[in-house]
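**Q** Structure below; questions to follow.
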Amino acid sequence: MMDQKIYHEKQRLSLCALHCLNNLLQKEVFTKAILDETCEKLTDKKWFNPHRSYIGTGNYDVNVIMSALESINYSITWFDRRKSYTEVDWNNIFGIIVNCKSSFFTYGPINIPSPRKHWFAVRKLSDNLFYNLDSKLNSPQVIGTADQLIEFLNEKSSCDISILIVNKSPV
């Protein structure tokens, strides 16, 4: 593994979508205010907006993630779960976003049981290895090569995951 600085935001409130986006992009591009504004563009409701938590703690849905990435020229494709992970050329993507069941959410130092879903990013970095950039981890975890990424995704599949494949949009 190369000596590289990996950008990694840690989980706070229900802002996993925010952390996922910034971890994927390897820098702070989005803020809570920007994602809240994105919600309001999607649905003109400040209160009880269907794209986020009504109490203002985040919990953004896929529409917010997709809109945010599209606003900075990234394209998003849903992975078809009927297909095998071996059918994707993982070495030629920008990154992936995974949505999985979460057994708890963090409120300050307290972990509260919850049936919520959680967003996290996986990205191949400069050393050509894939990394799990989950904001619930203490630090990024090396997944490894594309073959090891496929193993990782197969293991996660038992948790009813959804995957978004992210690429830079052609100019």
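Cβ from N, Cα, C; glycine included.
Keep in mind the model is a prediction, meaning the values are calculated, not measured.
According to TrEMBL, the feature domain 'Josephin' maps to 3-171. The active site annotation in TrEMBL covers Cys16, His118, Asp134.
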**Q** Need the DSSP three-state call for Cys16 (active site) to compare against my parser.
**A** helix
**Q** Between 0 and 100, where does the mean pLDDT of the domain 'Josephin' (3-171) sit?
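**A** Taking every residue of the domain 'Josephin' (3-171) together, the mean pLDDT is 84.
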**Q** Quick one: pull the CA-CA distance for Asp134 (active site) versus Cys16 (active site), whole Å only.
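**A** Distance between the two Cα atoms comes out at 8 Å.
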**Q** So how many other Cβ atoms are close to His118 (active site), meaning within 10 Å of its Cβ?
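**A** There are 23 of them.
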**Q** Looking only at Cβ atoms, how many others are within 10 Å of the one on Asp134 (active site)?
**A** 23
**Q** Between Cys16 (active site) and His118 (active site), what C-alpha distance do you get in Å?
**A** 6
**Q** With every protein chain in view, what's the tally of Cβ atoms within 10 Å of the Cβ of Cys16 (active site), excluding that atom itself?
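**A** By my count, 28.
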